[in-house]
Amino acid sequence: MVWPFGSQSSDKGNEGKPQEQTKRSAVSWTRSLGSPDPDPFAAAKEWAPTVLFSLTGLAALQLYANYLRRIPGAAYVRPNFFRNRSLFGRVTSVGDGDNFHFFHTPGGRAVGWGWLRKVPESRKELRGRTIPIRIAGVDAPEGAHFGKPAQPFAAEALDWLTNYILNRNVRAYIYKRDQYERVVATVYVRRFLFRKDVGLEMIKRGLATTYEAKSGAEFGGMKEVYEKAQAKAKRKRKGMWSGKASEFESPREYKTKWAAHDKSNSS
């Protein structure tokens, strides 16, 4: 039915307007949301530098804590370092035939020790800043102390060790702390381009025996090598083995004898 005051043509012209307005509304609403990002990794790219910087920082801290942090004394050696880490440093003093002190220089010359970073030399500078090392697997003749006489070749062992390692860089493969708060370690030093096991060299010269304690001895897997070297030095009558066999007293026997003597005097 045609409205009497209208025209058919005007009605036809308005028929498509509601649909056209709906389409425009839909288009304008989707446009208001913004167009989708064409790069799905854009956010990751923005965060990547921050994450990378953080990871690099953590790695640097771990590197410093495990390999470049200087250890000023035996008490500061972490338990997880024993049997897992070696320590590099300069020998600053030799106490007797089988122990010494050294100044830890992590990284060595590669990070400036000896040319950019000075290794202290005076006793005052070194006080409280060195690590006492007990050479693993060997026992040198006992020197005179606390009223006890020195064993034969005690002075020779001390002189040899002093000349061999004092003021030299050594690498210590550490195993544990002993009852005297020394770090027990197999020690290597470079001599004429060759890396030498200090304890083994002492045994070869008859300046130490293999460690004879029934428990707690550390050899770093070198026990058989040390025992063979000792047998050879004994056959060739070197150092401690040069005297009469009936008069020989090992460092362990010497210490056991004097411990019993002290105990009887105190009781």
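Heads up, the Cβ atoms here are built off N, Cα and C, so glycines get one too.
Pulled from Swiss-Prot, these are the features on record:
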COMPBIAS  1-11  compositional bias 'Polar residues'
REGION    1-31  region 'Disordered'
COMPBIAS  12-23  compositional bias 'Basic and acidic residues'
TRANSMEM  47-63  transmembrane segment
DOMAIN    85-243  domain 'TNase-like'
ACT_SITE  Arg134  active site
BINDING   Asp139  Ca(2+) binding site
ACT_SITE  Glu142  active site
ACT_SITE  Arg182  active site
Under 8 Å Cβ to Cβ from Arg182 (active site), same chain, six or more residues apart: give me those in sequence order, or none if nothing qualifies. Ala74, Asn99, Pro132, Ile133, Arg134
Run through the Cβ atoms and count how many others sit within 10 Å of the one on Glu142 (active site). 21
Over the domain 'TNase-like' (85-243), work out the mean pLDDT and round it to an integer. 96
If you skip the near sequence neighbours and keep only those at least six away, which residues in the chain come within under 8 angstroms of Asp139 (Ca(2+) binding site), Cβ to Cβ? Asp98, Ala208, Thr209, Thr210, Tyr211, Glu212, Ser250, Pro251, Arg252
